[in-house]
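**Q** I'd like to ask you about the structure that follows.
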């Protein structure tokens with residue numbers, strides 16, 4: 001989905017990340033991945049021969065993911081049509097997609113390894129993992145308390161294109177969930193530093209910051225100052241809320257391990273999914289908006305419920321009815337998700353291919369192909385899709401060889 005969104009999101013903004021409030025197709029990717037990480041952890045730690053060895057492996061795997069994420073999204077690669085590389089350590093971005101997965105993974109893994117089980121049958125599996133749910137409640141309490149309780153003062157930032165110009169954002173409020181003055185951004189600025197955040201945040205596609213909203217576009221004449229400000233959608237406080245999504249997936253994994261019949265598993269899959277979907281939607285209607293950059297409570301509930309529903313459908317299709325052929329490609333992609341993400345979704349493959357050029361860097365394979373075929377602007381959406389298919393085929397052929 002992220003390969004599709006990254007390559008075609010500009011043509012179809014409806015599938016791109018929501019500029020601020022709301023949920024689109026792209027906004028389901030991160031919680032779906034965290035959910036399935038939780039499911040996998042329950043299967044991995046079904047039996048734990050050595051808690052210390054499991055802890056060491058979890059921490060090591062988390063560190064590998066974190067530093068790979070910093071390498072890919074920290075600014076070292078400069079993207080398509082730019083053959084230069086390298087990053088100023090005073091401006092490096094510390095947070096990102098793999099960094100969030102690493103953070104959430106290691107927290108949930110350590111909880112699964114070390115938190116004690118409670119033996120009992122009255123509340124079933126819920127009671128067996130009582131301490132897990134106590135941790136979830138504490139996590140949500142911390143997140144919501146900071147999100148609505150922190151007072152965000154006025155703050156300043158330097159323009160990304162001109163570090164000599166300093167802009168001031170006026171805040172001095174609590175419980176503000178707008179792009180400029182929310183507690184999520186405040187925590188990141190205090191801990192990471194304003195220069196280490198994403199310099200192209202998603203809210204630049206809001207109506208306040210783009211005349212082509214929800215797509216990218218020029219600034220309106222009355223655009224507020226914060227349209228130029230940095231903000232990280234995978235920041236620290238929002239990642240605290242993301243931990244809960246992984247715990248919900250972990251609970252689904254517990255159902256697989258402890259429930260032996262299909263009917264019992266499916267009931268335990270459907271009920272939480274329906275409750276979470278309904279709760280998230282109702283909260284959204286009541287004013288607690290679904291918001292991916294903030295990883296709001298309603299967003300967490302709705303997307304976790306959606307992940308549970310999709311997981312249940314796939315379980316019925318593959319495990320109950322043994323219809324595997326439609327999902328073989330998805331299974332292969334799931335087993336190689338990290339390398340596919342690295343090559344395709346972060347433009348590493350495109351950057352590698354465009355490194356081969358004829359006499360001038362501008363005459364590289366990627367740009368030559370696009371310029372020859374895209375002689376008319378109306379053909380660009382088709383070329384975008386061809387690029388997606390091409391990346392997948394190149395990646396697939398590499399693995400097959």
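Sequential numbering from 1, following the chain as shown.
For all residues, glycine too, the Cβ spot is worked out from N, Cα and C.
Annotations in TrEMBL come from automatic prediction, not curation.
Given the structure is predicted, the values throughout are model-derived calculations rather than measurements.
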**Q** Match it up for me: which of 236-257, 368-389 does TrEMBL list as transmembrane segment?
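**A** In TrEMBL, the transmembrane segment feature sits at 236-257.
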**Q** If TrEMBL is the reference, give me the range from 212-232, 338-358 marked as transmembrane segment.
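**A** Matching range for transmembrane segment: 338-358.
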**Q** To which of the residue ranges 130-150, 151-171 does TrEMBL assign the term transmembrane segment?
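**A** When 130-150, 151-171 are checked in TrEMBL, transmembrane segment belongs to 130-150.
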**Q** Any contact between the transmembrane segment (338-358) and the transmembrane segment (28-46), i.e. 3 or more CB pairs below 8 Å with pairs at least 6 residues apart?
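**A** Contact absent: fewer than 3 Cβ pairs fall under 8 Å.
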**Q** Where, among 28-46, 97-118, 294-318, do we find the most CB pairs under 8 A to the transmembrane segment (236-257)?
**A** 28-46
**Q** Quick check for me: are there 3+ Cβ pairs below 8 Å between the transmembrane segment (97-118) and the transmembrane segment (294-318), leaving out pairs under 6 residues apart?
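**A** Counting Cβ pairs under 8 Å (6 or more apart in sequence), the transmembrane segment (97-118) does not reach the transmembrane segment (294-318), since there are fewer than 3.
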**Q** Considering only Cβ pairs within less than 8 angstroms, which of the stretches 28-46, 58-77, 269-288 has the most against the transmembrane segment (294-318)?
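**A** Most contacts with the transmembrane segment (294-318): 269-288.
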